[in-house]
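As recorded in TrEMBL:
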TRANSMEM  9-27  transmembrane segment
DOMAIN    27-505  domain 'Citrate transporter-like'
TRANSMEM  33-52  transmembrane segment
TRANSMEM  59-79  transmembrane segment
TRANSMEM  180-204  transmembrane segment
REGION    230-321  region 'Disordered'
COMPBIAS  256-269  compositional bias 'Polar residues'
COMPBIAS  277-286  compositional bias 'Polar residues'
COMPBIAS  310-321  compositional bias 'Basic and acidic residues'
TRANSMEM  365-397  transmembrane segment
TRANSMEM  409-428  transmembrane segment
TRANSMEM  449-475  transmembrane segment
TRANSMEM  495-519  transmembrane segment
TRANSMEM  539-557  transmembrane segment
Amino acid sequence: MVLAPTEKVVLGSIAFAIFWVLAVFPAVPFLPIGRTAGSLLGAILMVIFRVITPDQAYAAIDLSILGLLFGTMVVSVYLEQADMFKYLGVLLLWKSKGAKDLLCRICVVSAISSAFFTNDTSCVVLTEFVLKIAEQNNVPPHPFLLALASNANIGSSATPIGNPQNLVIAIQSSLSFGEFLLGLLPAMLVGVFVNALILLCMYWRLLSVEKDEEHALDEVISEEDAASHRFSPAAMSHPTASNSQELNPVLEPMNTWGSPSSNGSTIHTETLRNRAGSKQSNLQGTLNGGVELTRNSSASKEGVVGDDFPQPREQDFHSRRVEKSALNGSDEMVNVDEEDTVPVQPLEENESSAKPWKRLLWKTCVYLVTIGMLIALLVGLNMSWTALTAALALVVLDFKDAQPCLQKVSYSILIFFCGMFITVDGFNRTGIPSTLWNLTEPYARINHVGGIVVLTLVILVLSNVASNVPTVLLLGARVAASATMTSQGQEKRAWLILAWVSTVAGNLSLLGSAANLIVCEQARRARFFGYTLSFWSHLKFGVPSTLIVTAIGLLLIRG
């Protein structure tokens, strides 16, 4: 494709540059509107500048990818409600043999969960629990956080539903779920193993430090604690202009699939433990060791949280106290606010009214529908309609108003993709990507080692500069066409190489992947175990890990 007229090239480049700046730095001081609004701005500018027509803009939006994204988000929401991630937490602690054993478990669990529930969802729901594990073992948490983020990225490379760029590749390449999985599974498994070895080698001495016994007794996490922990995603807020210069910017929820949307349908749980003296012993007996209160930061005002207790209406939860009337023999009340009280029912009544067999039956149905979806994907059914069908089946089986669950879908990522499709299509029409690729293509053919190395470096650099999804949109068809010219059998391998390298490239730096930033921000904002993962501590591990894992994985990819 030749270059478009100069006016079109200049205006299209300006629109794409604005999109790129806001996609990589969503809170730049001069325009802190965020990533989603930035993608819409880039799309609108492409139309206003007449780089593309409105009809071409509509045609650029890939409904198959949007349908697959939406379907997997809804399924992830119901899996979270069915306690899937709670069980993953229990698995992390089951018969644990120390810090090194836990590090390896985190590597495996995060990789497997991200392959089927997306890397961002896994990072959102497991970060706080990983911090608790580090506290239990009295070691700095950054080895565990690095293990979570890096292996979530590596694990997500194995399936089309593991991350957004894989979705794009699967749709554009027409590769089936099974072909994708079989092509990248060996590289993923070896990559997780090698990445765990690198972590153990780098932090062996740190993980070998014997923990303080008294501290460990105070902070120990039992399997029962893991079972009661709610692995609900925390809402990711936008950084303001005042703090946008910080090293660890806050991501908007654009990549937190299956996590609550920015309106804050986020659930935090804390246990109210009555440790008062003899004057409150009667109340303590009534509450049977503690009443679990759930704090909902959204505007949702009713609904059920957990298995036993009704969710209180949204109020200011900063003032929470127990009414003295409970001590005087009157109806037991837990005061959530001055004006809002919630009756506390005896635990026996709650358990009977909750009808555990119905809860168990519903959870079983959720798991069966999810397994059925994965089987349908493996046998080659249309991925978008399969995910949408599974999502709708879960909505019907839930047999109640689906609005609370649908509110947790991150619609911002769907809007972001719409804007990105239009913006990238407009930039392609300027002819700039084709011209640059024509200069690079003779040296980046995958029929020889040198070409694979050049192509890998191009993908690594672009994925960390322009983000991995735009990189895939810009390079995907061109890399496949180049491979087809070399050999008809090389096209599939080219797509798999692009999927592998663009995903693992996210481990290079803290800013290379949304999963990294999610872990960083979740860790920083954790209520009791807050920790800041610095850019340099991540880079020290990310560079060798990315280069080694990428190289080994390339040796195992076959078309």
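Glycine too: its Cβ is placed from the backbone N, Cα and C atoms.
Fewer than three CB pairs closer than 8 A are found between the transmembrane segment (9-27) and the transmembrane segment (59-79), and contact between the two stretches is not assigned (pairs 6 or more residues apart). Same-chain neighbours of the transmembrane segment (539-557): 146, 150, 154, 183-184, 186-188, 190-191, 194-195, 198-199, 202, 452, 456, 460, 493, 496-497, 500-501, 504-505, 507-510, 512, counting only residues six or more beyond its ends whose CB sits under 8 Å from a CB of the stretch. Of the recorded ranges 33-52, 365-397, 409-428, 449-475, 495-519, the transmembrane segment (180-204) has the largest number of C-beta contacts under 8 angstroms with 495-519. In terms of C-beta pairs under 8 Å, the stretch of 33-52, 59-79, 365-397, 449-475, 495-519 lying closest in packing to the transmembrane segment (409-428) is 33-52. Regional average pLDDT for the domain 'Citrate transporter-like' (27-505) in the model is 74. Same-chain residues lying 6+ beyond the ends of the transmembrane segment (365-397) with a Cβ under 8 Å from its Cβ atoms: 63-65, 67-68, 70-72, 74-75, 78-79, 81-82, 84, 116, 160-161, 170-171, 176-178, 181, 405.
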